[in-house]
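Asker: Here's the feature list from TrEMBL:
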type     : residues : note
TRANSMEM : 21-43    : transmembrane segment
TRANSMEM : 86-103   : transmembrane segment
TRANSMEM : 109-130  : transmembrane segment
TRANSMEM : 139-162  : transmembrane segment
TRANSMEM : 182-200  : transmembrane segment
TRANSMEM : 205-223  : transmembrane segment
DOMAIN   : 213-376  : domain 'O-antigen ligase-related'
TRANSMEM : 229-247  : transmembrane segment
TRANSMEM : 259-276  : transmembrane segment
TRANSMEM : 370-389  : transmembrane segment
TRANSMEM : 401-421  : transmembrane segment
TRANSMEM : 427-445  : transmembrane segment
TRANSMEM : 457-476  : transmembrane segment
Amino acid sequence: MQGEKQKVKSSQVLTSKPSTITNNIILVIVSLYFLVDCVPKVAIIDQMGIHWLLIALLNLIAGLFILKSNEFLNGIKSLFKNKVTWLYLAFVTISGISIFFALNKSEGLVIYARLLTICITVFIFGILFYDRKNLLKDLVVVVMLIVLAQSFNGVMQFFAGLGKIDLSTLVNSLQSTTGNKNIFAAALVIKIPLIIYCILKRQGIFRYLGLLTLFLAVLPVFFINARSAYLGLISSFLIVGGLTIYLQLKSKAMAQFKLNSLLILGIYVLAFFISQNTLNKAKLFNQTTVYGTFGDRLGTVVDTNNEATNIRLKYWKGAFNLISKRPLTGVGYGNWKLYSPLYTGPLINDNLFSKHPHNDFIEIAGESGILNSIIFLSIFICAFFSALSIIRSKRDPEIKLIAIIILGSLAGYFIDAFFNFPSERPNIQVLFAFILGVILTNYFASTGGHSESHRPISKLIFIVPTILFGIVTVYVHTLAFQSMKVQWVVDNDLNSIDNLPGAIPNLKYAQVNSVLPDYPQIAENSEIIAFKKAKYLRVEKRYQEAIHLLDSVQYQSPYLPYSDDLRCNIYLETKQLDSAFKYGKKAASIKPRNFYYYRMASYLARVNNDIDGVHKLFKTYHTYRNDQQSWSYYALTMFYSKANRAEVKKVVDSGLKYFPQDTIMLSYRPLLPK
């Protein structure tokens, strides 16, 4: 009997050891996904290029790891027992089908590769964490350390620049490695519930570090002044706080809970008062800044007279008009940016451009149809009610707490998706994949017993396509990454000669053409890649080649004014004034608030002796902007035209009513009839 006991004990060691090794490997793999957010900035037009590529590579590594082991069979099978899985797969599938209706299918595939990447990540997270809830306690320590480093750096950067840098510039500089303050704030909001989980479940040094991290994470969210982040912070706080109170009241374990609650609440309150006091003092030296305190910024959310709120509402209205034209199929996944100039042109001054309607649900409806947007929304609704059912059930309190934490993070993501476009940002998408992965196969899944069937085919059917799709996404992201690196060099080269007549860029067309790939066709600043090449041809006075190149790629993004403006300048340089006027008017009509386009078209109207055209161009511009520079140029154009002098005087007198100190218009007055 003694030998038999020894045999059993030895067997237990042998069976537990691989599980421990597997858990450690899983922790490393998942930690690497979260560490993608910490990759130092590289010379690239947008940091997300390197992030997408790294996530796709991690998917391949994780997929091969899952393929090698039979420990994940139950996790794979459990994926398809959850209705959220089928909703998400339906969303991804319909998004892919919509590309067949896209204006630019190539661009659709580039953006769809990102969705496929996150789809794979979702399922990998779900499989890896299946029935491994204890791993979350270790993972949140990793997340906590990452947030501690990022938020500490952000707080130090803010206080170092306070009083030395304009407040608006300082706030906008709080970006971490994301390249945008709003993305940084959104990521913190989504991670904060995980920090709270670390405080609740860990002891000793990690608990104290969790408390410090929570303080340092909440502080920059207040400093950054992102209204969607404020709403997300409030929502997650109320959800996690309210449901945790409910959970503790039901379990009657109040002593430790009261202490934790007071500590967490105290941290929020302390961070709030420190941030508001600091921002109030900073505002005294920055009277013109749009940023302010928590109350100032949150109050503008419902203020339709506020410029930022008003412009977002106009985006949504314009987006709804576009959606109404193709409600079933949409314009094709990844193609919204091609159509957005149709409604953003009259809304934004000069060359500012918005690729997104600042609402992922609206953008999904516009790209792949209203039904697909409803399906995407249903994922959140199902997750919410599934979490509530778990919290009210008789399941393990640990499972209930995890459901609350995941729901708090999901609320932060939902708010950001409603006001911004987190679907484009890889660091936010990793968080979404983690949240959804946990939902799919662990805590919101059915509570039925585990299947013990170990049929290899069940694993291969899932993993082989995952790896194949993973290889495709790595290839696409590699092309995009290479393009983004060259875009960085090319854009800086071209920007160096902006507004410098006769200046020559460092690069030649032949160099740019050889290193800048044709795929993707659309650059990150929404310019057609071929447009950048055509600018070099123009500098080298290879005008016909430039025109031919622009004409050959016009279909790739027909609603942007950039190519029309370049054609206008080329025809002007070649003395083809009729053609120059044609494309100058076209650019001005697409962006009627752009002063440069207005000025060029107005000049060409004058040299073509089209006085009515001069009036029409100004009337259109004046509809959107009543500024001194336009009145001054309108008067100049009319003065040097062949228009009747009385007509010119009328223009000058009208302009001086608005801007009586304008020196140009005042100089014309003595030269005009009394």
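The chain as shown is numbered from 1 upward.
Glycine residues also receive a Cβ, built from the backbone N, Cα and C atoms like all the rest.
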Asker: Establish whether the number of Cβ pairs under 8 Å between the transmembrane segment (229-247) and the transmembrane segment (401-421) reaches at least three, counting only pairs separated by 6 or more residues.
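Answerer: These two segments touch.
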Asker: Thinking of Cβ pairs under 8 Å, which stretch from 109-130, 182-200, 401-421 has the most of them with the transmembrane segment (21-43)?
Answerer: 109-130
Asker: Please give the sequence-distant neighbours of the transmembrane segment (182-200): residues at least 6 beyond its ends with Cβ less than 8 Å from one of its Cβ atoms.
Answerer: 37, 136-137, 140-141, 143-144, 147, 150-151, 154, 174-176, 206-207, 210-211, 213-214, 217-218, 220-221, 224, 226, 228-229, 232-233, 236, 240, 260, 263-264, 401-402, 405-406, 408-409, 412-413, 415-416, 420, 422, 425, 427-428, 431, 435
